[in-house]
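Report on the structure given below.
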Amino acid sequence: MTTIAILAGDGIGPEVTAQARRVLEALDLDLTFEDALVGGAAYFAAGHPLPPETLDVAKRADAILFGAVGDPRCDALERRFRPEQAILGLRAALGLFANLRPATLFPGLEDASALRPEVAREIDMVILRELNGDVYFGEKGFRTAANGTREGYDVMSYNEAEVRRIAVVGFEMAKRRKNKLCSVDKANVLETSQLWRDVVVELSADYPEVALTHMYVDNAAMQLVRNPGQFDVIVTGNLFGDILSDQASMCAGSIGMLPSASLSAWSGANGLYEPIHGSAPDIAGQGKANPCAAILSAAMLLRHSLNQEEAALKIEAAVSAALVAGARTPDLGGTMTTSEMGDAVLAALV
Ligand SMILES: NC(=O)C1=CN([C@@H]2O[C@H](COP(=O)(O)OP(=O)(O)OC[C@H]3O[C@@H](n4cnc5c(N)ncnc54)[C@H](O)[C@@H]3O)[C@@H](O)[C@H]2O)C=CC1
Ligand SMILES: CC(C)CC(=O)C(=O)O
Ligand SMILES: [Mg+2]
């Protein structure tokens, strides 16, 4: 029996996850679903954003379908109780260090992209984001300087083992795609990035067939808009990958289109699958959320955790066909509700 943990979370998380679940159910794959509270929903019900029962459900499952966490009512809580700590806690507890964020322009979405159609049409990349280190997991706090002013600090660091393991995934992924890897850092300023670059260069000796380039993150942000077609696999740290993937999403039409897989190894037993977006409190409860990123995350789940490539391709083809037929939520310039978009994908599932 294959069990999928459903951690729908807050805001639009439950709305989009419900559509992804419908699609998985329609495939008749003999999956069992186990729901658990996470994020603000868990905090209000159980006093903690990642209760031990939820972590148990996640650990026991063959894979995790995650929605999003974040609730404005929690923004003033002590940090350890904030909803966002749940997703950081899951990534750490499950050792999910490799975050695959594919950005592709689906046919017909040229008009939704923030870029000119001829530029947008070339987008087909994977942003590989390190997920267990960097400034998100370093020492942090508030302190008072000698002159009495308040300071906040968050320590950025990577050790060489952390860089090497994500770089290995980057090179391996590049080998399976176009033998092109772009490592994005800020080595002109940050020692963390200098170590990152040194380790990536050392490792490149093992991958002579892969053309490795390096780019500073500020330039990468600019190049993503100028000429996104130049990128195939980008490997980068936690913070830079977070920011660049949101940017890439609008180049590809909408943040509601980009799925992700978070893995602890190249092929991911109990991986976590989630759209790259957050809980979108501004549109929550209104049926406006685009469920495609969540549905495409379910496809990645089938591919990476359940070894069901054929079923994954079916879902991706159904999303593509629905879009070609004109299915559009408001973020894509249409009027469909979240569940109508789910209906359109289901109708295209063959
Ligand atoms: N992995 C996670 O659970 C993440 C959680 N968050 C949390 O989510 C909350 C909101 O954060 P924001 O910065 O506003 O980012 P967000 O990604 O939730 O929303 C940014 C903008 O994109 C729109 N948007 C997002 N997903 C959409 C979809 N599927 N369809 C249509 N429009 C969509 C929203 O309406 C909003 O205008 C915060 O509490 C944040 O910490 C943010 C990112 C990731
Ligand atoms: C909410 C954060 C913890 C992370 C984030 O923005 C993301 O993973 O995309
Ligand atoms: Mg983000």
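Note: Cβ is positioned from N, Cα and C throughout, glycine not excepted.
What TrEMBL annotates here:
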type    : residues                      : note
DOMAIN  : 3-345                         : domain 'Isopropylmalate dehydrogenase-like'
BINDING : Arg91, Arg101, Arg129, Asp218 : substrate binding site
SITE    : Tyr136                        : site 'Important for catalysis'
SITE    : Lys186                        : site 'Important for catalysis'
BINDING : Asp218, Asp242, Asp246        : Mg(2+) binding site
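Shown here: features listed in TrEMBL, placed on the structure.
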residue	record	CB count, 10 Å
Arg91	substrate binding site	20
Arg101	substrate binding site	25
Arg129	substrate binding site	28
Tyr136	site 'Important for catalysis'	19
Lys186	site 'Important for catalysis'	21
Asp218	substrate binding site	13
Asp242	Mg(2+) binding site	18
Asp246	Mg(2+) binding site	15
Alpha-carbon spacing, Asp246 (Mg(2+) binding site) to Asp218 (substrate binding site), which is rounded to whole Å
14
Top Cα neighbour of Arg129 (substrate binding site) in the set of recorded positions Tyr136, Lys186, Asp242:
Asp242
Of the recorded positions Tyr136, Lys186, Asp242, the one whose Cα sits nearest to the Cα of Asp218 (substrate binding site) is Lys186
For Lys186 (site 'Important for catalysis'), just give me the three-state DSSP call.
coil
Over the domain 'Isopropylmalate dehydrogenase-like' (3-345) the mean pLDDT stands at 97
Conformational class of Arg91 (substrate binding site) under the three-state DSSP mapping
helix
If the criterion is a C-beta within less than 6 angstroms of any ligand 2 atom, which of the binding-site residues Arg91, Asp218, Asp242, Asp246 pass it? List them in sequence order.
Asp242
Candidates Tyr136, Lys186, Asp242 (recorded positions) with CB under 6 Å from ligand 3, in sequence order, are Asp242
Between Tyr136 (site 'Important for catalysis') and Asp242 (Mg(2+) binding site), what C-alpha distance do you get in Å?
11
Assigned element (helix, strand, coil) containing Tyr136 (site 'Important for catalysis'), judged by DSSP:
helix
Residues within 8 Å of the Asp218, Asp242, Asp246 Cβ centre (excluding the Mg(2+) site residues themselves):
Val217, Ala221, Leu239, Phe240, Gly241, Ile243, Leu244, Ser245, Gln247
If I take the Cα of Asp242 (Mg(2+) binding site) as reference, which of the recorded positions Arg91, Arg101, Lys186 has the closest Cα?
Arg101
